[in-house]
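Sharing a structure with you now.
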Amino acid sequence: MAAPALSGDQIRETFLKFFEGKGHRRLPSASLIPEDPTVLLTIAGMLPFKPIFLGQQVAEVPRATTSQKCIRTNDIENVGRTARHHTFFEMLGNFSFGDYFKKEAIAFAWELVTEVFQVPAERLAVSVFEEDDEAFAIWRDQIGVPEARIQRLGAKDNFWASGPTGPCGPCSEIYYDFHPELGNDGLDLEDDSRFIEVYNLVFMQYNRDAAGNLTALEKQNIDTGMGLERMAQVLQGVPNNYETDLIFPIIQAVAAIAQRDYASESESVKVSLKVIGDHLRAVTHLIADGVTASNLGRGYVLRRLIRRVVRHGRLIGIDRPFTAEIAETAIALMAAQYPNLREREAAIKAELTREEQRFLETLERGEKLLAELLAAATDQIRGEDAFVLYDTYGFPLELTQEIAEEKGLTVDLAGFEAAMAAQRQRSQAAHETIDLTVQGSLDRLAEQIHPSEFVGYGDAVATAKVTALLREGQSVEAAEAGDRVQIVLDHTPFYAESGGQVGDRGVLTGESLIVRIEDVQKESGFFVHYGQIERGLLQVGDSVTAQIDRACRRRAQANHTATHLLQAALKLIVDEGISQAGSLVAFDRLRFDFNCPRAVTPEELRQIEDQINQWIAEAHGTVVEVMPIATAKAKGAVAMFGEKYGAEVRVIDVPGVSMELCGGTHVANTAEIGLFKIISEAGVASGVRRIEAVAGPAVLEYLNVRDAVVRDLSDRFKAKPEELSDRVTALQEELKANQKQLTALKAELAIAKSDALVSQAIPVGDAQVLVETLTGVDAAALQTAAERLQQKLGDAGAVVLGSSPEEGKVTLVAAFGPAIIAKGLKAGQFIGGIAKICGGGGGGRPNLAQAGGRDASKLPEAIAAALDQLKTAIAS
């Protein structure tokens, strides 16, 4: 008897309720951005509990159960190609912290799978660690699994460890058998065509020391994981995870946009649809948890996934932005379990739209270059060329590798790394963000040094010890004058970039030592000071004096507090429901992105500016307090989305004006800001607006620049500043009149040229066909000429004209008479097809249509094709 079909949501809820009934506390999924500084993303259900398993933290409850969202990209090349590989997945888990152990964990698992989910026992097989006789006996003697259905596997598959030392233990797994009729002879649980692992039980019972010796733990723990998508495949009786109700609605939405029928498509099209369905789930959750696309760290993972989605969309014929539209389906599917998706919907769509548009701007040119490289390569794409695709066109290296592999080629990785290193050497600017090389080095150092202590809220100068030194991202013991370095101090007054505020600048000094610090980033708990040694030798262990640039700090403080005032003013004047979508607090300017469905009016901007300057003039003191997060929320403090908060939070309060959770630096009194001036307001994505502004000394600098521009224009136009507006209006009217006259002259020229072309029409049956190229004729004139020619040729006239009015651009126009249309030819469809030859497209009405292209060298080919196709169509 088959197990009853359950929806993905029902499977999740059934699992969690089952373990609640077994005394487990249901806990919410943790963020994809882990607390563990050594891990880039949450990759397993146990990760939020790792400090408990490692003995670093005491568990609040003895038993817990969760549905944890996870992301893994180590098998990304298999996504869509196998039945069960994903980047995003949900891991259902039950955990015991020193409470029950092996016997109970196995019994719970078997009861859930066979009695609650009603999976027939004959469909199941289990594995145990080859030396775990206890687990083997429990499965055989207490659960009743036939010995032939229990397989012993080695440490590679069935022994878990957190690292070379520390807690570890054997695993046991439950497998679903798609073909039990094949019997038990030669049973191979690693045969993916027959078995799928659905439940993994980890028994943490040992501690491994540096010598590799195992000793029993005083408190034994249980960590389990059931893949929701895998169990859905089993219970829903579908051939793969992608066709479950957790993912397939997304695939169907993509197929609808691409005008594809999933069931009847080729395997390659299905792979692309599956990749998009999988990746859209991943990127939606990443953005919801505060990740933004970049070339580094988590941002790089997000960018890589979005760009794979866009490329696979193009492979199946989607030639327009579509990710935000599909995100709506993904959000609707998952919002009940993850309500932050709905709360962050506007930000998700905005980030997807922004990143997709950025990639599309260079994708076509990059694809053209890549096509040329693929055609020229015999077995390998040069590393330098792969780097150009990465650096200039935004192609992640992995994407180039994937496309190359489809053509049976490889990429020269060593050459790519060499080109990357050469580019780093050419760049003289400080790193603006931490890169993966630095992060990897810090991860390796994490076990040897303590995280940095920040003392910069109260001190601008501090004596500190150099605990780590990196050059080009690699750990070194010493560096000398001229070297660009990354420095970790035991404590520091330098603020590290976070919450939108840029890192401090300043200097490190010592005996005969000067290091100019240009930027500070925080990663893995360390404050990383980016700079260049101007004089002397710097070594790990040195004592240095760390001093921030006070002027830069004061400017950042003014801009940061001004940003808080700006959000308060927006809520007061525009809409109380406005929420922050992003920000930048630099030394010379500030930027604030916010969720709002409409533009802020000029009058509202004036009111906002006036209100902020009034608060500045009123000299409100700022109050900084550290309090429990629950207390802060109860007081109405606004949280910045994407920031991670602990049990205790820092609150910046401008009494009666603004209260926000914030780790940044701020003025002690609003009067220190001086002045505030809005520079611009614009939309950056659907539902997201951006205000750019200046505060403090930057206002005077901005006004001085404006004044210089006005003076220059006054001199050029021989007009007083107050007369400039009228003078510019008059010039615009004059230009408009001249352009109108020029258009008329071009039309007259086109008509004259068209009159001369009438005699060149050729008869095709009872029709008159004219296909020609005109030089120096723009789109409007070309259309006028085509219409006139068709009228002269009569109802049976068919005209196609082409021109290249600008370098690299093509314009094509078709004009068909009623008799031509009656033969089934439509100008819009016809000219759109011809334009593809020139790398473009277009369309219009059946009698008159226009198209464009980007490859002028193909215009003669397009004109010839138009004539051939017209002859064939009319003659038939």
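Cβ from N, Cα, C; glycine included.
Annotation source Swiss-Prot lists Zn(2+) binding site at His560, His564, Cys662, His666, citing sequence analysis.
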Within 10 Å of the Cβ of His666 (Zn(2+) binding site), how many other Cβ atoms can you find? Include all protein chains, please.
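If we count other Cβ atoms within 10 Å of His666 (Zn(2+) binding site), we arrive at 25.
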Specify the count of other C-beta atoms within 10 Å of the C-beta of Cys662 (Zn(2+) binding site).
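I count 26 other Cβ atoms within 10 Å of it.
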Look up His560 (Zn(2+) binding site) in the DSSP assignment and reduce it to helix, strand or coil.
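In the DSSP reduction, His560 (Zn(2+) binding site) maps to helix.
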When you measure from the Cβ of His564 (Zn(2+) binding site), which residues in the chain that are at least 6 apart have a Cβ under 8 Å away?
Ile652, Val654, Ser658, Glu660, Cys662, His666
Using a 10 Å cut-off, grab the number of neighbouring Cβ atoms around the Cβ of His560 (Zn(2+) binding site), all chains included.
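His560 (Zn(2+) binding site) is surrounded by 26 other Cβ atoms within 10 Å.
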Taking the center of the Cβ atoms of His560, His564, Cys662, His666 at the recorded Zn(2+) site, which other residues in this chain have a Cβ no more than 8 Å from that point?
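For the Zn(2+) site, the extra neighbours are Gln557, Thr561, Thr563, Val585, Thr622, Ile652, Glu660, Gly664, Thr665.
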